[in-house]
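Before any comments, here is the structure.
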Amino acid sequence: NVSSLTPDTFILMGIPGMEQLHVWISIPFCCIYVAALLGNGVLLLTIWAERSLHQPMYLFLAMLAVADLTLSTTAVPKTLALFWFQAREISFGACLTQMFFLHFTSMAESKILLAMAFDRFVAICVPLRYGAVLTPSAVAKTGLAAVLRSFCIIFPCIFLLRRLPFCGHTVIAHTYCEHIGVARLACADISINVWYGLAVLFSVGLLDLGLIAVSYGFILLALWRLPSRSARRKALHTCGSHVCVLLLFYVPAIFTALTQRFGRRIDPGTHILLANLYVLFPPLLNPIVYGVRTQQIRDRVVKVFMHPKSRL
């Protein structure tokens, strides 16, 4: 009876080899998480309060903020509870739920980043068609597509894990539950889990990243033709910031996915620290790069919080 081999709880180890430093590591983790909550919260409130920001670019930015909040909140509070209160236990159902929302949100965020790159491509390369291409209906359908695609891709992972028997192996060498990390505890063949994860990584993640690279390639070509050197420099500076955020999101994600499958010789502590940075730094930096560095957002934040009556 396979169901009888399903554990009631798993034990999260945290960061192997750094158990004595958990309390100290928790301090920057907590600070970054609180800053990410405040930054994305302010961004969402500003976009919601200001009708002038109800445009495709800012609506995509609001979707990204929601994804960032979900991603960090799914993992960080449990990690902090582990570091502060030794709350290592997590139920089997809660573990699968955490795993689902982590991967689901990452997949949705990848789609949103692709949509934002396409938005900039249309705005810069074919500006006269911007209003016709990125209609409110198109923006809503893009958000719905991101949710549906992520759900359809990640939901099978739950069944791939539930079919596995666990013969007493319940210790997860991590701060949160993720697909392959849980599957490796099973006393059965997990080839399907591994190949499914790789198929998702290469067919979806790298496809999104490739399309984003193509979009920014066309954007850079268009910017290079600008006659004004100052305008070109300003646009390149903005694109450079966006590319840094993209790399910060995709590089740790791809590294973590490949390490779980092939990186047996990589130090577990290094791998888990990078996996935690993946759920901490993008939510922290996205509001700064896409929000604070955008003139319209800065002006509206001041208007909303310094002069709230002016919105009436």
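Numbering starts at 1 and runs along the chain as displayed.
The backbone N, Cα and C atoms fix where each Cβ goes, glycine too.
Just so you know, TrEMBL annotations are computer predictions that nobody has curated.
Summarising the annotation, TrEMBL assigns transmembrane segment to 23-45 (among others).
What TrEMBL records for 39-290 is domain 'G-protein coupled receptors family 1 profile'.
Proximity of distant same-chain residues to the transmembrane segment (57-76), defined by a Cβ-Cβ separation under 8 Å and at least 6 residues beyond the stretch ends, is recorded for 29, 33, 36-37, 40-41, 43-44, 47-48, 98, 101-102, 105-106, 108-109, 112-113, 115-116, 119-120, 123, 139, 142-143, 146, 175-176, 276, 279-280, 282-283, 286-287, 290-291, 296-297. Feature annotation from TrEMBL assigns transmembrane segment to 57-76 (among others).
The feature transmembrane segment is assigned by TrEMBL to 112-130 (among others).
Through the fold, the transmembrane segment (142-161) approaches residues 59-60, 63, 96, 99-100, 103-105, 107-108, 111-112, 115, 179, 182-183, 192-193, 196-197, 200, 204 of its own chain, all at least 6 residues removed from its boundaries and within a Cβ separation under 8 Å. Feature annotation from TrEMBL assigns transmembrane segment to 142-161 (among others).
Here TrEMBL flags 209-227 (among others) as transmembrane segment. Same-chain neighbours of the transmembrane segment (209-227): 110, 113-114, 117-118, 120-121, 124-125, 235-236, 239, 242-243, 246, 250, counting only residues six or more beyond its ends whose CB sits under 8 Å from a CB of the stretch.
Residues or ranges marked as transmembrane segment by TrEMBL: 239-258 (among others).
Sequence-distant contacts of the transmembrane segment (270-290) (same chain, six or more residues past either end, CB-CB distance under 8 Å): 14-16, 29, 32-33, 35-36, 39-40, 42-43, 61, 64-65, 68-69, 71-72, 74-76, 79, 102, 109, 116, 173-176, 178, 241-242, 244-245, 248-249, 252-253, 255-256, 259-260, 263, 297. Positions annotated as transmembrane segment by TrEMBL: 270-290 (among others).
Mean model confidence for the domain 'G-protein coupled receptors family 1 profile' (39-290) is a pLDDT of 88.
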